[in-house]
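Data block below; observations after.
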Amino acid sequence: MHSQDDLNYLAGQIGEFGKYQLFQHVLHCLVWLLAGVNVFSFVFVFPVIEHRCYVSEIDDEWSPNSELSTYIPTLEEEKLSSCEKYRNPGTNNSTISCGEHGYMYIYNSSYYGSSRITELDMVCEREWMRTLLQSIFLFGALVGAAGGGALADKFGRKPVLFYSGVLSFFWGFGSTFLDNFYLCTFCMMMYGVFGAGAGSVPAVTLSMELVGPSIRSYCGAAITFAFACGGVIVVGLAYFISWNASLLQLIYVTLSLSLFGNWWLVDESICWLWEQRRYEEAIQLLEKAAKINGIKLSFPEGFDQHSTVKSTQTEVQPQSQAKQQPANKASILDVFRTPEIRKRTLVMMCSWFAAAVLFFGLSFNSVNMFGNPYVVFLIVCVAEFPAHPISIFLMPKFGYKLMLVGNLLFSGTACVILAFLPSDIVSTTLAMVAKLSATMIYNIVNAYTSELFPTVIRNTTLGLCIMGARFGGCVIPLINMLTVFSGKLPEFIFGGTAIITSVAVLFFLPETMNKPIPQTIEDVENQRKQARKNDEVENGGISNVGYVHEG
């Protein structure tokens, strides 16, 4: 039977990052680009639109009118009520809702010519419909991330990646043309499962298991960059097709067709195949990679690349017997069975949750900031771009742990400050800087998570962590509803979550930068025990929970 050392010897020959890894990594990034399209498309297909009650006496379309105050109550800052009008115009003694005699609203069409919001009047008493749709879509992404990770560990990364792309198209297509709200809601949930959850997990794992240790931070940043590019595509299409929301949504969904070729283009993870003892398939992919990278692959002494047996002078194991040996398999229960894996999983799930709360909170609320919603959203997306080279440059210098703690503290503090600022250019600028920092957090956790966990459960734990991020996205619409109590509450929650998480990372996670990736759960637990012994020697018997392990 071949050993892990054999794989390390063979994989080391193809190089950390060559033509083969580049081509595969681009395909993995495409999955995340389309995940970004699927997630951010909600902002412009179901936008928050300025509206008020329809007043038959004076208007048939949106037009600010000095006479409106006679018919519609005036609120703070001289704004007209969005959901009420006077029962008897001119008396100002009692009000009724816009929908008391049928839902009749006037929408500001300055920016949005058409949307699913105006088609179904998802405002005022029916605003819960928009909140439910957004939450259920992101809940689907949460379920997809957890299920996709576990399935990819059991059946392979490639099948989950491919079928997620196919099913995301069909469920998204169905949600585009359904007028029934509840059927549309179900389709949106399934669209979230496959379009923003299940496929994104194996895409990250495939890249991280394919490239060398010094390249993983770059690949993590590239994946996050692809997600941000999805937002740019969304706002570009929305700007030019604002006149037809159904067509716009259909175009977003149709982009998933580009993933249909992944069955023939994307290769299975060599690490996963080796762990499952499918050595012949793994060796074929290693030879393919070596050929594309222009390298002649050489094998260890006594290594038979045409069988699942490694022959030695002291031991020869029959191939049939080798096949009978069970592969190293692990389930989701193993994630919580041992103390070190359990601790790492819980802290990283919280880190991904905090990253999502910051990232999506600032992204989804950007269209409500000062200025043109298309321009502001584009700036928010483009603000992420510098985060990638900055994080790539700084991570090798400071390590994953310190970078994660620093960015969580900075972006969390920025959100708290935003709660006290009015909606103007200053608050918009601070929000952009906070979004840049939140993007750096995503870059860090993408690479950090892949190095914290062993191969046998890496996809499962990554799926759980991304599930934590999707849960963070799910609660954003609910957190935003707290503005009815205080407009400052959402920013306080965003910031407080990040600050608390930074403390947990500081005390409970080790640094993994440029360290070997563990292959088994035992490797991680042995590292923990060895690190504690080292701490006891260095600190006179006092163990330090914020340890840094070696190897």
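Any Cβ shown, glycine's included, is placed from N, Cα and C.
Summarising the annotation, TrEMBL assigns domain 'Major facilitator superfamily (MFS) profile' to 31-513.
The feature transmembrane segment is assigned by TrEMBL to 29-49 (among others).
Residues annotated as transmembrane segment in TrEMBL: 132-153 (among others).
Tertiary proximity for the transmembrane segment (160-182) is limited to same-chain residues at least six positions away from its ends with a CB under 8 Å from its CB atoms, namely 31, 34, 38, 120, 129, 144, 148, 151-152, 188, 190-191, 193-195, 197-199, 201-203, 206, 246, 249-250, 252-254, 256-257, 259-260, 262-263, 266. Under the heading transmembrane segment, TrEMBL lists 160-182 (among others).
Per TrEMBL, transmembrane segment is recorded for 188-206 (among others). Sequence-distant contacts of the transmembrane segment (188-206) (same chain, six or more residues past either end, CB-CB distance under 8 Å): 24, 28-29, 31-32, 34-35, 38-39, 133, 136-149, 151-152, 157-158, 160-161, 163-165, 167-168, 171-172, 175, 220, 223, 253, 256, 259, 266, 269, 446, 450, 458-459, 462-463, 466-467, 470.
Note on the transmembrane segment (218-241): residues 25, 28-30, 32-41, 43-44, 203-204, 207-208, 211, 247-248, 251-252, 255, 363, 374, 377-378, 380-382, 384-385, 387-389, 391-392, 439, 442-444, 446-447, 450 of its chain, located 6 or more positions outside it, place their CB under 8 angstroms from a CB of the stretch. For 218-241 (among others), the entry in TrEMBL reads transmembrane segment.
The transmembrane segment annotation in TrEMBL covers 346-367 (among others).
Non-local neighbours of the transmembrane segment (373-395) in the same chain are 43, 47, 111, 217-218, 221-222, 224-225, 228-229, 231-232, 235-236, 238-239, 362-363, 366-367, 403, 428, 431-433, 435-437, 439-440, 443-444, 447, 513; each lies 6+ residues outside the stretch with a CB under 8 Å from one of its CB atoms. What TrEMBL records for 373-395 (among others) is transmembrane segment.
Long-range contacts of the transmembrane segment (402-421) within the same chain, counting only residues at least 6 positions beyond its ends with a Cβ under 8 Å from a Cβ of the stretch, are 351, 354, 358, 361-362, 391, 394-395, 427, 430-431, 433-434, 437-438, 440-441, 444-445, 448, 487-488, 491-492, 494-499, 501-502, 505-506, 511. According to TrEMBL, the feature transmembrane segment maps to 402-421 (among others).
For 427-449 (among others), the entry in TrEMBL reads transmembrane segment.
Annotation source TrEMBL lists transmembrane segment at 461-486 (among others).
Nonlocal intrachain contacts for the transmembrane segment (492-509), taken as residues 6+ away from its ends with a CB within less than 8 angstroms of a stretch CB, comprise 343-344, 347-348, 350-351, 353-354, 357-358, 361-362, 401, 404-406, 408-409, 411-416, 418-419, 452, 479, 482, 545-546. According to TrEMBL, the transmembrane segment annotation covers 492-509 (among others).
Away from its own ends, the transmembrane segment (346-367) comes close to residues 39-40, 42-43, 47-48, 134, 231, 373, 376-377, 380-381, 404, 408, 411-412, 415, 431, 434-435, 437-439, 441-442, 445, 448-449, 452, 461, 464-473, 475-477, 479-480, 490, 493-494, 497-498, 501, 504-505, 508-509 of its chain (Cβ-Cβ under 8 Å, at least six residues beyond either end).
Across the candidate stretches 29-49, 132-153, 461-486, the maximum count of CB pairs under 8 A to the transmembrane segment (427-449) is reached by 461-486.
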